[in-house]
Every structure is written in structure tokens, then in C-alpha cells.
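Trainee: Just dropping this structure here.
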Amino acid sequence: NSVHPCCDPVTCKPKRGKHCASGPCCENCYIVGVGTVCNPARGDWNDDNCTGVSSDCPPNPWNGKPSDN
């Protein structure tokens, strides 16, 4: 078994001082900055961008549509 550099193997949570262990918006144990593209635009859809507060990549809207639709 290898030890994950970001995750405490006992608690299964990020180690002290680390913010995340995995995800498209997590890099080197830290959440990437707001606006970082985590899924490039395709067709009529906009880029998906990191929020700066989560390691998940939230879906962005279709071009011209508000994000709460």
C-alpha cells in the first residue's frame, strides 16, 4: 500500500494543512483558484470552471443561458 501525500490513512480526510486529496479542482493537495478551467468548452457549452472552494468541477451553462437553469 502506498501512502497518499494529501490524505490521512486513519481518518480518510485531508492531512493537516492540506485542502483536498483528489478531484479535477485539486492540485498537489490544494484547491486550485477560482476560474481555473476543469472541463474545456465543447459544442454549445461553456468551459466548466473551478469555484476556488471545492475540489469538484461544477457544470457551467449552455452558451447564453444563466447558470441557475
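The backbone N, Cα and C atoms fix where each Cβ goes, and this holds for glycine too.
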Trainee: In Swiss-Prot, CYS57 sits in a disulfide bond; tell me which of CYS38, CYS50 is on the other end.
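Mentor: Here Swiss-Prot pairs CYS57 in a disulfide with CYS38.
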Trainee: Across the domain 'Disintegrin' (1-65), what does the pLDDT come to on average, as a whole number?
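Mentor: Mean per-residue confidence for the domain 'Disintegrin' (1-65): 86 out of 100.
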Trainee: Tally of helix, strand and coil residues over the domain 'Disintegrin' (1-65) according to DSSP?
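Mentor: For that range the per-state counts are 0 helix, 16 strand, 49 coil.
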Trainee: In sequence order, which residues at least six apart in the same chain have a CB under 8 Å from the CB of CYS50 (disulfide bond)?
Mentor: PRO24, CYS25, ILE31, VAL32, GLY33, VAL34, GLY35, THR36, VAL37, CYS38, CYS57
Trainee: If you measure CYS20 (disulfide bond) to CYS6 (disulfide bond) at Cα, how many Å is it?
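Mentor: Just about 7 Å between their Cα atoms.
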